[in-house]
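> From Swiss-Prot, for reference:
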type     : residues              : note
ACT_SITE : His39                 : active site, proton donor/acceptor
ACT_SITE : His137                : active site, proton donor/acceptor
BINDING  : Thr41, Ser139, Tyr142 : substrate binding site
Amino acid sequence: MAVALWYCPPANSPCYDTVNSLILSLQTLFPDAVLFEPHVTITSQLRCDSADDAAAVLAAACAALRACRPQLDARGSPVVRFDAVAVGRRYFDKVHLACAHDRFLYGVAQVIRELFVQDPPDPAAAADWVHSSFRPHLSLVYSDLYHVDQALLRVLRQRIGDALGAALLPHPPAPGLQALWALQPPLDGWSIPGSFKVVRCEGPVRDWHVLAAADL
């Protein structure tokens, strides 16, 4: 993962407080769970070797999202919305909120991927990555627990549904997932304001650190 770009809800906002409280409440269910800041990863593998590189990533991300603001305001829904809760089989997506498809969010990811991951910049490769590999989500639990038993799934479904004030409706899980529940109603996340952060994600999660941040 090395260096990643996160998009975070505004600190002390209702979305931040709700999700952060949920992350805390789920810690007790997984013996190896660790704490982390609520975020959606826009992309990882950034070419970022200096403070100037980090500043350039932030400037591009902010510019890309600000350019969408009139259209976001006109439609009245945020760029980050959640339509499902999933239990995955991998450490970083063990329990997560899946983002609804949003062309503005995907557009920001494509811009950053093209400019700061592809070397040299390659619009076609960035577009292919967005359509084939980009699965934006907000993690609630990181854990190496491979199989989540039915009793724990029931507790997760109840606790997450209560925290979000939504029904979790079972759906057939996609490959790589153990369980999938549709959120009814879908949950609004955030748009602008928000905070982009360039984060060095090396070693244990407790050792990750923010290299630079910019608020929108």
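Every residue, even glycine, has its Cβ placed from backbone N, Cα and C.
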> Only counting partners 6 or more residues apart, tell me which same-chain residues put their Cβ under 8 Å from the Cβ of Thr41 (substrate binding site).
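Non-local contacts for Thr41 (substrate binding site): Ala4, Leu5, Trp6, Pro136.
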> Cα-Cα, whole number of Å: His39 (active site, proton donor/acceptor) versus Ser139 (substrate binding site)?
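Cα-Cα distance, His39 (active site, proton donor/acceptor) to Ser139 (substrate binding site): 7 Å.
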> In Å, how long is the longest CA to CA span across Thr41, Ser139, Tyr142, which the record gives as the substrate binders?
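Across Thr41, Ser139, Tyr142, the two farthest Cα atoms sit 14 Å apart.
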> Given the recorded substrate site (Thr41, Ser139, Tyr142), which additional residues of the same chain have their Cβ within 8 Å of the Cβ centre, ordered by sequence?
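Going along the sequence, the neighbours appear as Phe36, His39, Phe92, Asp93, His96, His137, Leu138.
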> Count the Cβ atoms, other than its own, that fall within 10 Å of the Cβ of Ser139 (substrate binding site), considering every protein chain shown.
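There are 20 such Cβ atoms around Ser139 (substrate binding site).
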